[in-house]
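Trainee: Quick one: structure below, then a few questions.
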Amino acid sequence: MSSESSKKRKPKVIRSDGTPTEGKRNRSDTEQEGKYYSEEAEVDLRDPGRDYELYKYTCQELQRLMAEIQDLKSKGSKDVAIEIEERRIQSCVHFMTLKKLNRLAHIRLKKGRDQTHEAKQKVDAYHLQLQNLLYEVMHLQKEITKCLEFKSKHEEIDLVSLEEFYSEAPPSISKAEITMGDPHQQTLARLDWELEQRKRLAEKYRECLSNKEKILKEIEVKRDYLSSLQPRLNSIMQASLPVQEYLFMPFDQAHKQYETARHLPPPLYVLFVQATAYGQACDKTLSVAIEGSVDEAKALFKPPEDSQDDESDSDAEEEQTTKRRRPTLGVQLDDKRKEMLKRHPLSVLLDLKCKDNSVLHLTFYYLMNLNIMTVKAKVTTAVELITPISAGDLLSPDSVLSCLYPGDHGKKTPNPANQYQFDKVGILTLRDYVLELGHPYLWVQKLGGLHFPKEQPQQTVMPDHSQSASHMETTMKLLKTRVQSRLALHKQFASLEHGIVPVTSDCQDLFPAKVVSRLVKWVIITHEDYMELHFTKDIVEAGLAGDTNLYYLALIERGTAKLQAAVVLNPGYSSIPPVFRLCLNWKGEKTNSNDDNIRAMESEVNVCYKELCGPRPSHQLLTNQLQRLCVLLDVYLETESHDDSFEGPKEFPQEKMCLRLFRGPSRMKPFKYNHPQGFFSHR
């Protein structure tokens, strides 16, 4: 049966190639087109849910029919051909149903996409309109802000109050019936009144100028008359000199000071005479005065008989008191120490005025039993300074004059004979008493004319005027320089603590225009903290980290790179430059021991510091060194080779112009800045 049916079907396939079928195909195409358009309309009428149920049912029927055909064919009987044909026809019908459902699904999908696209276009149009409206709103807000911020010239004029305006201005200007209800007209009227008043004042000013010229002419005439009297007065004063000497009538304050100076101890007297002479000859801003009790000073030089009588009386009193109670050994030692450290009741005060109206007050004392001089210092400024945290020790009386001359820290006595005196009363060192007594600097002894030979210690040394005169000018200049440098550091530290490196206009040429690295931290640290830093060991071992120095820690950042700088500030700044030690935390920890470029950066600020001194007296050296460190960190990071294994842009793009990025086997970077060309090169 199957072979017969196949033979019957073959002619159908052959006939399909003829021309008559082409006409049929054309007609069927037109009918198909009609059906296609009818199916598009039919999509809107059909329920997708029912189509889905029909699809499931059709698939189940196809599965059932295929299973039945499979069962019938497996039986192999000859009577099942008709049943198979019927099921095949039913299957074809179901396939046509599936095709139709597929077409309907595609039509629905196309319509859904079209609707989605139309909705998206509407949303985009609305979004564009919204953005346009937002831009318009922003523009209007900016214009409104500009209008609100606009200030007219008349707003800068201080007009009289409304009460004064209506009470003093004439009705022709005030126009109260109009200006009371109109602020604009009121302002115009007040401006007219201001103009009228200024015209009147200008007229008065011209009258006052004319009167002033007349008065000046009268003053000039009287001055000429008085100047003609000056020679007569001078002759009268010259004639009265014998009378003044006869009556002992001092008219000058200097004469009184000279009288008081007679009671000064020899070292303070030498200081007073030499300082007064220096002030009169070289420095008019230096003022010299004497403080203290003259009566107590006179009591020290009583005649011996009186003193012996007093001593006998006091001995008798002491004998009576000793019978009552016996002082302990500790009390006796304390009394002996106080007596040994006793100061002379008179002291010499020097006020050294600097250019910025700051004054250095120096009070000189004389320890009578130790035969040494001490000094206490205090700095006052014309304007009260806001003391930064890191500038706490700059102007302190204990350290402001430390190491004015190298090694002269003023913590021990300059007189070798004092040590034997200290042993008798149990004083280990004078360091414990300097805050109360003052600092016995070596230059203080020289200003008093004292010189203590170390080879032959002497308890009593006579002062020498020539020694005081030879050191006076140099010491005064050093004192002024010290105060000015400390005040300059005081102001600079206030900026450094806020992350600002102040660079003056005179020093702008030392650095490129753009510096990306920035200072984020500037703090003071102790001597012990500095010695504990691992990257400062070579400074400590070299003996450059003394306890008289000041120590600071700076942190400079750019991106992920952090550069620590430990700074040693010598008391003799700026004649002695600061010393920097660096530690870079970026891709590991880098110091001068493991990175030659870090050593080169330290050399740039420590060795080549003269390029950064700026104009004399080089008070900008420290801030210029810090700014140079920021520039060096930029060069270090920008010239670092980029790892190609990491995608994306470089963290530090090269912005500095360098003639050559590396040199030598150690690949040294170009750290030298060349002005005005603006490029970096190797040294």
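Just so it is clear, glycine is given a Cβ too, placed from its N, Cα and C backbone atoms.
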Trainee: To which residue among S28, S314, S593 does Swiss-Prot attach the annotation phosphoserine?
Mentor: S314
Trainee: Write down the residue from S312, S468 that Swiss-Prot flags as phosphoserine.
Mentor: S312
Trainee: Please find, within the list 7-10, 115-118, 411-414, 639-642, the residue stretch that Swiss-Prot describes as motif 'Nuclear localization signal'.
Mentor: 7-10
Trainee: From the set Y52, Y225, Y420, Y573, which residue is assigned the annotation phosphotyrosine by Swiss-Prot?
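Mentor: Among Y52, Y225, Y420, Y573, the residue Swiss-Prot annotates as phosphotyrosine is Y225.
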Trainee: Run through T179, T187, T328, T475 and tell me the one Swiss-Prot describes as phosphothreonine.
Mentor: T328
Trainee: Name the residue among S307, S645 that Swiss-Prot annotates as phosphoserine.
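Mentor: Out of S307, S645, Swiss-Prot attaches the phosphoserine annotation to S307.
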Trainee: What's the CA-CA gap between Y225 (phosphotyrosine) and K153 (SUMO2 cross-link) in angstrom, rounded?
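Mentor: Per the Cα atoms, Y225 (phosphotyrosine) and K153 (SUMO2 cross-link) stand 52 Å apart.
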Trainee: Suppose we draw a 10 Å sphere around the Cβ of K153 (SUMO2 cross-link). How many other Cβ atoms does it contain, all chains included?
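Mentor: 6, counting other Cβ atoms within 10 Å of K153 (SUMO2 cross-link).
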Trainee: Y225 (phosphotyrosine) has how many other Cβ neighbours within 10 Å of its own Cβ?
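Mentor: The answer is 9.
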Trainee: So what's the average pLDDT for the region 'Interaction with THOC7' (2-199)?
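Mentor: It averages 80.
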